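According to TrEMBL, the ATP binding site annotation covers G10, P11, T12, A13, V14, G15, K16, G17. Summarising the annotation, TrEMBL assigns domain 'Guanylate kinase-like' to 3-182.
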Amino acid sequence: MTQRLTVLAGPTAVGKGTVGAYIRRNFPQIWFSVSATTRPPREGERDGVDYYFVTEEEFDRMIDDGELLEYATVHGRYRYGTPAKPVREALEAGSHPLLEIDLQGARQVKETMPEARFVFLGPPSWDELVRRLIGRGTESEEEQARRLETAKEELAAETEFDHTVINHDISEAAEELVTLMGLSIDNTPDN
Ligand code: 5GP
């Protein structure tokens with residue numbers, strides 16, 4: 001049976017990446033899209049696993065050749081996009097594909113695949129979101145300010161989504177998402 005694509009989006013620093021990593025570890029029945037990006041790899045990130053790290057020229061080529069389901073410049077800097085073919089193949093194979101992308105990308109998918117399931121991952125509160133963003137400590141002050149500005153706009157977009165999951169707790173948020181995808185969470189997560 002052809003499955004439905006699920007799109008998870010939400011404001012910056014809400015914990016999309018952490019919830020995603022938890023799902024990867026504990027729910028192998030979910031198929032994760034690997035995005036292409038022009039951002040340089042962070043320490044420990046692997047090409048083809050975390051992202052396909054590509055040059056600006058290669059990213060342009062992917063756009064020109066219609067290889068991307070959606071793409072966007074995130075936080076006004078690097079470009080990120082979802083290779084379309086693997087997603088189509090996963091859907092045809094009956095897998096449960098999940099995209100973890102930014103809001104601009106989610107809106108594009110809504111145009112091209114309105115039948116997808118759109119899930120908004122929200123913070124418990126604005127103060128908590130700010131705390132998480134500053135607390136992560138991986139970005140410069142300038143970058144933090146830019147991301148907060150983006151986050152304000154992104155929070156207002158919640159109403160465009162089919163469902164909201166509040167990220168109070170990583171494992172609970174992950175399980176809620178998996179349940180929304182129509183999957184059982186019976187196989188007890190390891191942590
Ligand atoms: P990071 O650079 O921290 O890995 O990711 C920055 C942002 O890019 C996150 O909000 C993430 O959701 C978003 N992102 C990652 N991959 C894609 C993608 O393929 N398309 C879009 N539109 N956004 C993406």
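Each residue, glycine too, has its Cβ placed from N, Cα and C.
Automatic prediction, not curation, is the source of TrEMBL annotations.
The shown structure was predicted, so the numbers you read here are calculated from the model rather than taken from an experiment.
Across the residues of the domain 'Guanylate kinase-like' (3-182), the predicted structure has a mean pLDDT of 93.
Around P11 (ATP binding site), a 10 Å sphere centred on its CB holds 28 further CB atoms from the protein chains shown. Each of the binding-site residues G10, G15 was scored by how many other Cβ atoms lie within 10 Å of its Cβ, and the smallest score goes to G15. Take the mean position of the Cβ atoms of G10, P11, T12, A13, V14, G15, K16, G17, the recorded ATP site; other residues of that chain with a Cβ within 8 Å of it are L121, P123, L129, R132, N167. G17 (ATP binding site) counts 12 other C-beta atoms within 10 Å of its own C-beta, drawing on all protein chains shown. Within 10 Å of the Cβ of T12 (ATP binding site) there are 23 other Cβ atoms, across all protein chains.
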